[in-house]
Amino acid sequence: MSSNYRNFRNSVPWIILFLEAVFIVLFYFLFSDTDLSFVSYPDFQDVNHMVIFGFGFFLTFLKRYGFSSTGFNLLIIVLGVQCSALMELLSDFRLKMPQEDGLTKITKATVSVTAVVISAGAVLGKTNPVQLILMTVVEIIFFHISKWINSTFLQVPGNSSMMHVHLFGAYFGLAVSSCFSEPSPRSEKNASTPKSDLLSMLGTLFLWVFWPSFNSVLSVGENWKVIYNTYIALAVSAVTAFTFSAMTTKDGKFRMAHIHSAVLAGGVTLSYTDQRIQYPWIAMILGLLASVITILGSYCLQRCLNPALKIHDSSGVHFTFGFPAVLGALAQVILIAVENE
């Protein structure tokens, strides 16, 4: 078994070099730039910090995989961004659409690769680098196919379809996770330490701070309204997370496992509905419902659904990103129905 693992590790550099050579050749033939950009560098920087620092530390709660989560997170991001930007170029070239500037391309690619980072959380501790690289390339391809289907057949605007990363990433990761065996409950792979929990909570804070920029970076029009609604929803979901965490524990104490996941639920839900929310109280209600669904969903999934379906969700992406994304999609349908009477 150890010799096979060494063979896997020896093949990683060659796979990465091969992919990089393919990316360079295709970028040479397809890439063209324009001078006009509707994405500013500070906005791109916020999204980049959120994806690298936020998700990198967010996945460090397992004590055996702290360095792996941060290091592999960076590896799949830098590969995924190039692959996603290449898919955008191929799509524009095939549809004969006007080329966007480089900063807009790389911002869209960074947003898209968030789906891969979320999926990696579901398989944390169960995959080797070769499998993660393969998952990154395959998921990016299928994500852009899903985006094309949404925009072509469902008439979903391009900036909205980019916000489907949470739903797609969560359930793609769960599908991949079902192909691997679940570690033993007493295994060190499932254990955490106070230090690893603290670093993971630090990642949550990074994500919480930069989430309004993430939701608004691709929006067209009143960006300030998107930022305002997202912040309000995040604030309400954070308050609800502390409240329900104390209410659902026997000793009445806060559980960082609840707060770690539920404080982000409002931002995930608002990714779908920011453009259509006209009043802040709607964002507040969605933030409250998203946080409640996340905390209650963690109980139901871990005790009932996951054992029945034999799914091992390492980072809880199902109730952290999946359930709030479903709520956001349903809220988007309701808001559209209300607008159209």
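From the backbone N, Cα and C atoms, a Cβ is placed for every residue, glycine too.
A TrEMBL annotation is a machine prediction, not a hand-curated record.
The domain 'Ammonium transporter AmtB-like' annotation in TrEMBL covers 16-338.
Feature annotation from TrEMBL assigns transmembrane segment to 12-31 (among others).
Residues of the same chain lying 6 or more positions beyond the ends of the transmembrane segment (47-65) and with a Cβ under 8 Å from any Cβ of it are 73-74, 77, 107, 110-111, 113-114, 117-118, 120-121, 124-125, 188-193, 195-197, 199-200, 202-204, 206-207, 210-211, 213-214, 217, 260, 314-315. The transmembrane segment annotation in TrEMBL covers 47-65 (among others).
Per TrEMBL, transmembrane segment is recorded for 72-91 (among others).
Residues or ranges marked as transmembrane segment in TrEMBL: 106-125 (among others).
Same-chain residues lying 6 or more positions outside the transmembrane segment (132-149) and placing a CB less than 8 Å from one of its CB atoms are 12, 15-16, 19, 72, 75-76, 79-80, 83-84, 87-88, 91, 112-113, 115-116, 119-120, 123, 158, 161-162, 164-165, 168-169, 172, 176. The transmembrane segment annotation in TrEMBL covers 132-149 (among others).
Here TrEMBL flags 198-214 (among others) as transmembrane segment.
As annotated by TrEMBL, transmembrane segment applies to 226-244 (among others).
As annotated by TrEMBL, transmembrane segment applies to 279-301 (among others).
Remote same-chain residues near the transmembrane segment (321-338) are listed as 118, 164, 166-167, 169-171, 174, 264-266, 268-273, 276-277, 286, 289-290, 293-294, 297 (criterion: CB distance under 8 Å, separation of at least six residues from the stretch ends). Per TrEMBL, the feature transmembrane segment maps to 321-338 (among others).
Non-local neighbours of the transmembrane segment (198-214) in the same chain are 43, 46-47, 49-50, 53-61, 66, 111, 114, 192, 226-227, 230-231, 234, 238, 256, 259-260, 263-264, 267, 271; each lies 6+ residues outside the stretch with a CB under 8 Å from one of its CB atoms. Among residues of the same chain six or more beyond the transmembrane segment (226-244), those with a C-beta under 8 A of the stretch's C-beta atoms are 208, 211-213, 215-216, 219, 254, 258-259, 261-267, 269-270, 274-275, 277, 280, 283-284, 286-288, 290-292, 294-296.
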